[in-house]
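Feature list (source: TrEMBL):
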- 20-215: domain 'P-type ATPase C-terminal' (DOMAIN)
- 60-81: transmembrane segment (TRANSMEM)
- 87-104: transmembrane segment (TRANSMEM)
- 133-157: transmembrane segment (TRANSMEM)
- 163-183: transmembrane segment (TRANSMEM)
- 195-218: transmembrane segment (TRANSMEM)
Amino acid sequence: MIQMADVGVGISGQEGRQAVMASDFAMGQFRFLVPLLLVHGHWNYQRMGYMILYNFYRNAVFVLVLFWYVLFTCFTLTTAITEWSSVLYSVIYTALPTIVAGILDKDLSRRTLLKYPQLYRAGQKQECYNKKLFWITMIDTFWQSAVAFFIPLLAYWGSTIDASSIGDLWTLAVVILVNLHLAMDVNRWNWLTHAAIWGSIIATFICVMVIDALPFLVGY
């Protein structure tokens, strides 16, 4: 029966450890079941629901900026964003804030969740992730990507800036945008959250400058 459940919880007792071996979570006493469900269960659902939507958002914004560029250049084979930036976007530029927020963020305190058990219904009612929230996120992503693309383009319209430089501006704009979006949604701040979000923006600036300087360094 425990293997057929979505999440199996085993109690380690005198009757043996077969249930524990087949379970996802194991505990020594039944009293630990309440905080496991009401506290950690709620936190896990809230984090997972938001992280799924946020990962759709942060990846779709970057892809849509590339999509706008393809439309603007009439489907030419040129690209303004370097291959290094495309690779590092999900590895360095936006990865760490997502991991830190997905592990440490808490919408409600432990005391509140234990005092009001009805808050557990948020997962049963699919309040943190559903089709409505998904499509709202996609609409939000669509117009934000357009803003991140067209504002730098119009700001330097008619100037002598090259495609590589405007591509760096688009990369920086998207990284700052998605990190600020996450910062506005974080419920509880700590030094790790600050270091991850603002550090990722600073790391992006450094990486972009290093990538731009590589051809000159190699040529030298």
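Yeah, the Cβs are placed from backbone N, Cα and C, and that goes for glycine too.
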Please figure out which one of 87-104, 133-157, 163-183 racks up the most CB pairs under 8 Å against the transmembrane segment (60-81).
133-157
In the same chain, who gets a Cβ under 8 Å from the transmembrane segment (133-157) while lying at least 6 residues past its ends?
53, 56-57, 60-61, 64-65, 67-69, 72, 166, 169-170, 173-174, 177, 181
